[in-house]
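Record features, source Swiss-Prot:
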| type | residues | note |
| --- | --- | --- |
| BINDING | S64, N115, E159, N166, Y190, Y242, V260 | substrate binding site |
Amino acid sequence: MKPTADILASIIEEVRPLTSKGIVADYIPALAKVPSDKLGIAVFTNQGEVITAGDAQEGFSIQSISKVLSLTLAMGLYQPDELWSRVGKEPSGQAFNSLIQLEMEQGIPRNPFINAGAIVVCDMLQSRLSAPRQRLLEFVRQLSGEPQIAYDKVVAASEMMHSDRNAAIAYLMRSFGNFHNEVIPVLHNYFHACALKMSCVELAKTFSYLANKGVSVVTGETVITPTQSKQTNALLATCGLYDGAGEFAYRVGMPGKSGVGGGIIAVVPGEMTIAVWSPALDQSGNSLAGTRALELLAQRIGRSIF
């Protein structure tokens, strides 16, 4: 079965009670102000069709979903051995901002989708790009076909004011020789990436390349190679949802990436990308209603990569 507006609308109504069950991220003050009852879903097919329900057009802070975009940019700038010598490909099983594992593993982050891994990727972008923050913004605008997408400067400033732990992660990696630039400028870029403000529709369109062997459905241009697309989806399936990746694979069965802003993107390779948003989170930092919505959609349209 194909996804339809009626299917999405029925799922939204079914999962709506969960919006009052989770907890909105409060360690970033600007995120804590987002109403917990927001709920949206968008599907973007490889034929270019957009199907939506709920608050799918409303922009929100994409947070860690941006880590996939940073990795995609880095894949185009570095040879695989260069890239993967500085960050691993394994699930962490720890909190996304853990220092303990990083210390034990001598400054090499487990994967690019936890904070340490994404900060290393931003360090790598800083080494190869003259203006990485502007390049990322142009990249997202191009992939989505939406030139008005921007950074939420209030969120970025809020994160920078509460950046002690991420700074500690960066300095710890630098002490092991796995950080090559000044810490503060790299953190500024990292927080701006997290503060990208996008809607479910914009996210689903942006990540269409992961459902289409590395080619953007929006632009028709090759973003990454088919092999890199497959590898990225493999990492999303194993590492994309913090320490809830196994639960998500079990329930939803799609490569995915979440953010503490309540967004999740999911990929059905060869067919479609899906974006959901509901700010109330579970204990792993993943959207409670969003995960359930994706689980129901996967069941109703009969899709899973497994």
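Cβ coordinates are placed from backbone N, Cα and C, and glycine is handled just like the others.
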Secondary-structure category, per DSSP, in which V260 (substrate binding site) falls: coil
Coarse DSSP state, helix versus strand versus coil, of S64 (substrate binding site): helix
Binding-site residues (Y190, Y242), the one with most neighbouring Cβ atoms at 10 Å: Y190
Cβ neighbour count within 10 Å of E159 (substrate binding site): 25
Three-class DSSP secondary structure - Y242 (substrate binding site): helix
Residues satisfying Cβ distance under 8 Å from N115 (substrate binding site), sequence separation of at least 6: F96, N97, N166, I169
Which same-chain residues, if any, lie at least 6 apart from S64 (substrate binding site) yet have Cβ under 8 Å of it: F96, F113, A118, C194, K257, S258, G259, V260
Three-state secondary structure, E159 (substrate binding site) (per DSSP): helix
For N115 (substrate binding site), the three-state class that DSSP assigns: helix
Longest CA-CA distance among S64, N115, E159, N166, Y190, Y242, V260, per record bound to substrate, angstrom: 19
Assigned conformation of N166 (substrate binding site) - DSSP reduced to three states: helix
